[in-house]
Every structure is written in C-alpha cells, then in structure tokens.
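Student: Before I ask anything, here is the structure I am working with.
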Amino acid sequence: MNKISIIIVDKNGVQSQHTKTKVTTYEDALLSCGRGKFHIILLVLCGWAVSSDAIEVLSVSFLLPSATCDLSLTSSDKGLLNSIVFVGMMIGGYIWGSLADKWGRRNILMWSLLVNGIGNLASSVSQVFWLFLICRFVSGIGVGGSMPVVFTYYTEFQHKSKRGAMISLLATFWMAGNIVAAGLAWIVIPREYLSFVSGDFTFHSWRVFVALCTIPSITSAAMFVLMPESPKYLLQMGREQDAIAVLYNVHASNKSTAALQ
C-alpha cells in the first residue's frame with residue numbers, strides 16, 4: 001500500500017493536507033511477483049505430491065496378484081482392499097479440508113502426506129489381512145487430505161490470468177505418478193531375490209514395492225517444510241504483514257522487474 005499526500009487549498013487560501021491510501025489487491029500483487037524460479041519450484045514440489053497420491057491409489061492393483069497368496073485373499077477381500085483407500089479418501093477430504101482453513105495449507109499438506117506415507121509403510125510389513133486393510137485405510141485418509149489441499153495451495157500463488165492453465169499443468173503429474181507406479185512395479189515385484197523371510201515374518205518383493213511407494217509422499221512432506229504458507233490464507237487470518245513478507249520473497253525469488261507496492 002502507498003500513502004499519497006494531497007494538498008488542498010480552499011477559497012480563502014488556507015491549505016490542508018490529506019493522506020490517501022492506495023490499496024494493492026491480492027491479484028495485483030501476484031501479477032507484480034511475476035513468474036520465475038519460485039513458481040518452477042512450486043510446480044515441481046506440488047507435482048511430486050500429486051504424483052505420490054496417484055502412486056498410492058494405483059499401487060494396490062499391482063500388488064494384488066502377488067499379495068493374494070501371502071495374505072490368503074478371497075475375492076471379497078480383494079474388492080474390499082481396492083475400495084478401502086477411497087473410503088479413507090472420502091473421510092480424509094472432509095477432515096483435512098476443514099483443518100486447512102484453520103491451521104494453514106502448508107501445515108495440512110505436510111501432515112496429510114506424512115499420514116499417507118506412514119500408513120503405506122506400515123502396510124508393507126503387515127502380515128495379516130485385517131491389519132493390512134487398516135493401514136491402507138489410514139493411507140487413504142492421508143491421500144484425501146493432500147489431493148484437494150495441494151491444488152488449493154498451488155493456485156493461491158497463481159494470478160487469475162494463468163490459474164486455469166496452471167491447474168491443468170499440475171494435474172498432468174497424476175499421470176506421471178501412474179507411470180512411476182507402473183514402472184516401479186515392473187522393476188521390483190518380479191524380482192524374487194528381493195524377498196526376506198525370517199520365521200513367520202515374510203517380506204516379499206511386492207512388499208518392497210509398497211515400501212518404495214512411500215518415498216514420494218514422505219519426501220514431499222519433508223520438502224514442504226522449506227516452502228512458505230499461502231499468502232491468501234495469511235490474509236484471511238488477518239496476518240497481513242506475514243502475507244506481505246511472503247509476497248516480497250516470491251517477488252525476489254522470481255527476480256521480477258515489476259514494482260511490488
């Protein structure tokens with residue numbers, strides 16, 4: 001915001017000074033920030049988070065043939081295992097979405113991605129079906145939070161003139177996650193020499209695949225520590241100075257030549 005002083009002289013020649021405040025809108029501030037290094041980092045990180053969600057959702061279809069024997073799965077068990085992730089996503093979307101308006105986009109992204117990763121990692125060592133099912137449900141709750149919140153976080157750094165195109169660009173990372181999951185399954189699951197057996201504990205190659213699928217979500221959660229909170233959220237919380245500081249950092253990172261006022 002700029003303060004402009006205006007000198008007014010009345011008909012008697014008496015001068016008076018008035019201060020007028022020029023307000024910069026949020027959209028104008030985003031436009032002044034330009035596009036550059038910050039937005040590239042933002043796209044890669046948010047895209048990696050979207051890919052991690054895709055990997056989690058798709059991974060079940062790749063592990064089922066190999067897990068059938070280990071977990072003694074029936075046809076109904078397989079159907080339940082396929083659907084439980086989506087049940088978790090439905091519940092998680094409501095819970096995490098509400099918390100994102102209260103605790104901040106970045107904080108909820110970190111926690112939901114971490115829940116996804118921990119649930120997925122725990123499922124890789126689960127030796128019985130019911131425990132495996134619960135872990136997949138917990139992982140689904142994490143996915144239900146990160147999926148909608150990552151798009152919200154990402155778009156709140158985009159000017160309205162580019163917002164639609166940038167959402168479409170971010171959505172392509174879902175397909176990238178599918179490719180990663182398929183490639184990882186093709187490389188790891190057939191490799192029986194990756195298995196480990198000790199007494200009643202088995203850790204076959206399909207479990208190695210599940211464990212590796214946790215890497216995107218856990219690394220995304222860790223990297224979001226380095227990212228700022230959404231300035232729009234900060235404004236909604238009445239934290240104007242914090243929001244301005246974030247916008248100035250974005251402006252500096254992008255090396256924008258436009259004045260940010």
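Any Cβ shown, glycine's included, is placed from N, Cα and C.
All TrEMBL annotations are machine predictions without curation.
Just lifted these from TrEMBL, have a look:
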- 40-64: transmembrane segment (TRANSMEM)
- 40-261: domain 'Major facilitator superfamily (MFS) profile' (DOMAIN)
- 79-96: transmembrane segment (TRANSMEM)
- 108-125: transmembrane segment (TRANSMEM)
- 131-154: transmembrane segment (TRANSMEM)
- 166-189: transmembrane segment (TRANSMEM)
- 209-227: transmembrane segment (TRANSMEM)
Student: Please identify the stretch among 40-64, 166-189, 209-227 with the greatest number of Cβ pairs below 8 Å relative to the transmembrane segment (108-125).
Tutor: 209-227
Student: Look at every Cβ pair spanning the transmembrane segment (209-227) and the transmembrane segment (79-96), keep those 6 or more apart in sequence, and say whether at least 3 of them are under 8 Å.
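Tutor: Stretch pair does not touch.
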Student: Counting Cβ pairs under 8 Å to the transmembrane segment (40-64), which of 79-96, 131-154, 166-189 comes out on top?
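Tutor: Of the candidates 79-96, 131-154, 166-189, 166-189 scores highest.
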Student: Which residues of the same chain, at least 6 past either end of the transmembrane segment (131-154), have a Cβ under 8 Å from a Cβ in it?
Tutor: 42-43, 46, 49-50, 52-53, 56-57, 60, 67, 71, 80-81, 84-97, 99-100, 105-106, 108-109, 111-120, 122-123, 166-167, 170, 217, 220, 230
Student: Where does the mean pLDDT land for the domain 'Major facilitator superfamily (MFS) profile' (40-261)?
Tutor: 91
